[in-house]
Amino acid sequence: MAAAEPASSGQQAPAGQGQGQRPPPQPPQAQAPQPPPPPQLGGAGGGSSRHEKSLGLLTTKFVSLLQEAKDGVLDLKAAADTLAVRQKRRIYDITNVLEGIDLIEKKSKNSIQWKGVGAGCNTKEVIDRLRYLKAEIEDLELKERELDQQKLWLQQSIKNVMDDSINNRFSYVTHEDICNCFNGDTLLAIQAPSGTQLEVPIPEMGQNGQKKYQINLKSHSGPIHVLLINKESSSSKPVVFPVPPPDDLTQPSSQSLTPVTPQKSSMATQNLPEQHVSERSQALQQTSATDISSAGSISGDIIDELMSSDVFPLLRLSPTPADDYNFNLDDNEGVCDLFDVQILNY
């Protein structure tokens, strides 16, 4: 028999073996299991993860797009394409919530605008303006605290002065002090009980071009004392006489009035600078009925000037002791309504 030829396998027999022998068979090798392929993120060929599909993350990305948009205006179709959102209702859910909390507003059906940024608005300028306003508020609060502290100190100082028995006799204001505070003005010093109502109507223009002034005072608890204080120059002494003036001043006399002294001298109460204002006013009322020459209250120049005017500016409204009041005043009426008094022209 002829020997069989070895099959041509491309493998050469190892050295030392005959050509007619085959190599021993190899046992099959076990293959390791392959891990599953990782999921693809956001790709068209693979599904998205649960985290990528969450509404919170989608809202964060949407707000970022909205803040980066020009003038804060964002097109919803472009946003859906950028965020790769297949269901546009998720975008509408986000816009409905943001619109509900007043962060955005709809410009059109598919366009919204962020309210934090307007057309032509510079965010940096707004921030700088906000910082400036906050600094200004802090400065005003500091000044307010300083004023409150000064107010407390003044109130405590006044309390200390009023409570001190030694300082009580110095709690008065002289006529010179008042005139120095209101230099060049005619002053009316009013002593009235608590609750007195004071009303100054709007002045009317008179025929001679001057304004007509009125002052209405009403008290339900006691009398009202008014003093007229006048001072022509800084060197002269104040002239004080009661309002209304004494009876002898309101009645013109044929005899000429002669000045008592070359300079206008004050009343007798001016010699008591340490008395209270109320004490001086009571003394003025007690001495108002005395003679002009004995009181020395008003100089002849002032009397001549007052008497030469068309309407005597100081009128006695109090009735005589024999007469009595037979009239009433309504709540909207003043003192002038009780008497037939012409509006004074000063």
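Yeah, the Cβs are placed from backbone N, Cα and C, and that goes for glycine too.
Per Swiss-Prot, DNA-binding region is recorded for 47-118, and the stated evidence type is sequence analysis.
Under the heading compositional bias 'Low complexity', Swiss-Prot lists 1-16.
The annotation compositional bias 'Pro residues' is assigned in Swiss-Prot to 22-40.
What Swiss-Prot lists as compositional bias 'Polar residues' is 250-273.
Swiss-Prot lists 1-52 (among others) with the feature region 'Disordered'.
Residues or ranges marked as region 'Leucine-zipper' in Swiss-Prot: 76-98. When the region 'Leucine-zipper' (76-98) is classified with DSSP, helix, strand and coil residues number 17 helix, 0 strand, 6 coil.
Look at Swiss-Prot and you will find 119-215 tagged as region 'Dimerization'.
What Swiss-Prot records for 236-295 (among others) is region 'Disordered'.
The region 'Transactivation' annotation in Swiss-Prot covers 287-346 and rests on sequence analysis.
Annotation comment: Swiss-Prot describes 323-340 as region 'RBL2 association', evidence class sequence analysis.
If you look up Swiss-Prot, you'll see 81-118 marked as motif 'DEF box'. Through the fold, the motif 'DEF box' (81-118) approaches residues 42, 55, 58-59, 61-63, 65-67, 69, 71-75 of its own chain, all at least 6 residues removed from its boundaries and within a Cβ separation under 8 Å.
Across the residues of the region 'Leucine-zipper' (76-98), the predicted structure has a mean pLDDT of 83.
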